[in-house]
Amino acid sequence: MGEHPSPGPAVAACAEAERIEELEPEAEERLPAAPEDFDPGSTGYISTGKFRSLLESHSSKLDPHKKEVLLALADSHADGQICYQDFANLMSNKRSNSFRQAILQGNRRLSSKALLEEKGLSLSQRLIRHVAYETLPREIDRKWYYDSYTCCPPPWFMITVTLLEVALFLYNGVLLDQFVLQVTHPQYLKNSLVYHPQLRAQAWRYVTYIFMHAGVEHLGLNVVLQLLVGMPLEMVHGATRIGLIYVAGVVAGSLAVSVADMTAPVVGSSGGVYALVSAHLANIVMNWSGMKCQFKLLRMAVALICMSMEFGRAVWLRFHPSAYPPCPHPSFVAHLGGVAVGITLGVVVLRNYEQRLQDQSLWWIFVTMYTIFVLFAVFWNIFAYTLLDLKLPPPP
């Protein structure tokens, strides 16, 4: 937006009073400074009338959607006062807590047409718009995401995990000379990535089992689900949040097996996939009226059918006569662990777009519950197997 003087003491006072996150230096240089005559008392606040004048002077440099958000912000302040830093944060693509609260409390309906009705968009713009309507329930958030998304970085987490899963499956298939129902091969469990109850002290197996799949049918369903659901979610919420849900589902899945199905091994990424899909579906149900994705009921039904098919296959395989007795086939309990993570931690993570997790009380409740479960499962693995005098299958 060109070079301007550094923000004055009004901005600093507002930032301290409202606990707004600091702007990056390069962002500050592009922002218009609040003129002293707008805030002669250096309070950090200006009147909504003067705010509109400031907005008009920079309206040519604003995206239409961003201007609408600013107008909604101005209209939501019934006291006639607005924090200048909220304007500065929006101009630098930062959403402060006070800004979010102002939008949430505003009663103004956006006057312009919905994002979905806009014409003449390029293919990439239509894709971003589609992702916004697939994952976000509020028009204000959809427009914010549409304006601010740059595809940098791309959804690298889901892409990386998927490529690793496919590559290791192909490598293992060549090694075993078997691609369908690989898990029935006598040498399958000898892989150092599989979780096996006799080798539960090797902590990496509680995570690395996701790179081993029962067969091409198992891998195919998981890859399709995590790409169709996981990639759009990562485009909106970022790799950190989606990676957190995925890894938490993976760990919960293997730990759930070690507690509830103690003699069975575990393979496949279903724990992480089910965490993502169940979180997304629960978010749609909780925000049903706001979700504008096309054919949402049909899409939910298809996702549930695919999950049920994959889960049914896992149950059938678990009780099918084993190819390497006395060790049973892999457990299906990891799926249930993933679902539990998705409808608790996952829903909180996806519920409010860009709201800081540490500001949500439910986040801390579910994190505490998850931590207690992990600690319980760790102690269970240390002591329960001995106390129960359980007969485990021999190591592979």
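Backbone N, Cα and C atoms are what each Cβ position is placed from, and that goes for glycine too.
Fair warning: this is a prediction, and the values are worked out from it, not measured in the lab.
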State the residue range annotated as transmembrane segment by TrEMBL; the candidates are 151-170, 331-350.
331-350
Long-range Cβ neighbours of the transmembrane segment (362-388) (under 8 Å; 6 or more residues past either end):
197, 200, 248, 251-252, 255-256, 258-259, 262, 341, 344-345, 348-349
If you average per-residue pLDDT over the domain 'Peptidase S54 rhomboid' (201-351), what number do you get?
92
